[in-house]
Amino acid sequence: MFTGWLHWRRASVLLALVSFAAIAGQTVEVSIEKYTYTPAEVTIRVGDTVKWINREKRTSHSVVFPQEGGRESERLFPDESWQREFTQAGRYPYTCGPHPEMKGVVIVGE
């Protein structure tokens, strides 16, 4: 009888952990290197997070969303990162503050 209860308890804990992981969302990484965002286009779901990582050796960058009134990350120096959770579906083009020729887009689906 105790063995059955223990098995049920383990199963319910595992189910709760799997459910929490599904709700928490995923994190997608974008590398900044050689004045390029890689990948330049990412497709995620509502609730997911994008993390930009500056892999340059000497140059700083930022992430600017022109269609959101110029919302900008802090300046990212080498080996620093910044992340943003996307809570609404849509298309979010972005550039680099000091290097506007650098472009990328986050596409958020339902």
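Cβ atoms here come from the backbone N, Cα and C positions, even for glycine.
In TrEMBL this protein carries:
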BINDING   H61, C96, H99, M102  Cu cation binding site
DOMAIN    21-108  domain 'EfeO-type cupredoxin-like'
SIGNAL    1-24  signal peptide
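In the domain 'EfeO-type cupredoxin-like' (21-108), helix, strand and coil residues by DSSP number 7 helix, 44 strand, 37 coil. In sequence order, I32, Y35, Y37, S62, T95, G97, P98, P100, E101 are the residues of the same chain, not among H61, C96, H99, M102, whose CB sits within 8 A of the CB centroid for the Cu cation site. Remark: of the binding-site residues C96, M102, the most isolated position is M102 (fewest other Cβ atoms within 10 Å of its Cβ).
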